[in-house]
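Some features that TrEMBL has for this protein:
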- 18-126: domain 'Dystroglycan-type cadherin-like' (DOMAIN)
- 287-310: transmembrane segment (TRANSMEM)
Amino acid sequence: VFERKMVTILSTLHADRNVYPSAGVLFVHVLEREHFKGEFPPYPKPGDSSNDPITFNTNLMGYPDRPGWLRYIQRTSHSDGVLYGSPTAEHVGKATIIEIIAYNRRTFETARHNLVINIMSTEEYPLPYQAEFYIKNMNVEEMLASEVLGDFLGAVKNVWQPERLNAVNITSALDRGGRVPLPINNLKEGVYVMVGADVQFSSCLREVENSQNQLRCSQEMEPVISCDKKFRAQFDIDWCKINLVDITKMIMIHSNRPDPGTGVLPDIGGYNPPPESLKSRDFFADFLITLAVPSAVAMVLFSVLGYSMCCRREGVDKRNMQTPDIQLVHHSSIQKSTKELRSMSKNREISWPLSTLPVFSQSEEVVPPIHPDNYETTSMPLMQTQT
């Protein structure tokens, strides 16, 4: 009985049909795949035609996109599409024609229909008291189902006890800057549901405003709400994000916008192009400023750098004169000893280490070992210089 009294409009697609939503009330229109399957011609190749992937494209007639208040969602090509939104008083009396094009992704056929939305005005628009709930365990297409939305409005009516109760708007948490949940533990995106009523907020809804619950919310703890058990069985509500709006206490601010005008530029005369005969211009001064002056500066810097590097070298003789004699003697003795050691190392006749000898010869024959099998290797030094 409660679902029959709902003002929220829930409709199913028919060809070129007219719908009459009310301003300030949630409008939901389902694009059923079953309805469009009969619009496509039979496909000659074998296949399950009842499970063809079908997607929808919706736009305002004559425009590439939908109106600003109307949204569309279709989770997969095997699920129904949903048009939803909340029209305002500005759209009253304006017929909105939505073009709906269905694509069969298996046969590449299309079907086209028009949906005429006639927005009606209501006396109770807008409802003075509005509450926005954030439901964590729902996606937007799940919340738009008539049964689920009816259950939620029934729970809100039991808590609020209004005479008139309408669903004003539904918004996905992703449209509010939410993050896409991970595909684990059946996590949901979350959805914001705006509900309007004609009576003051109940004491249960105002419990989140007390100091204790505000402190718990600041510490990222769940507040204690007495009526949460009426929602918990089906809806997981984040009470810290509930938003209560009293339109009767809102101050309307009227901004003085400038007159946009007609959009046509004033007539300031015709265009006067420059004459064909232009005066000659001497570019020699520009050449001097652009090339000659930087080149002269570069040549001066190059000359100074060359003089400091080539003409002011101290030389080896000056270095030896400034070096103490004892240091020169040490350097000379070290240099002589180094040369002597190098000459002695060239005259040594030491056999190569076993690790450097080739195992196979070029003829691919095994080379016999240098030492016999009974050779005592334990007394052989690690380095030949130890012998």
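Every residue, even glycine, has its Cβ placed from backbone N, Cα and C.
Mean pLDDT, taken over the domain 'Dystroglycan-type cadherin-like' (18-126), works out to 86 on the 0 to 100 scale. Secondary structure of the domain 'Dystroglycan-type cadherin-like' (18-126) per DSSP (helix as H, G, I; strand as E, B; remaining residues coil): 11 helix, 44 strand, 54 coil.
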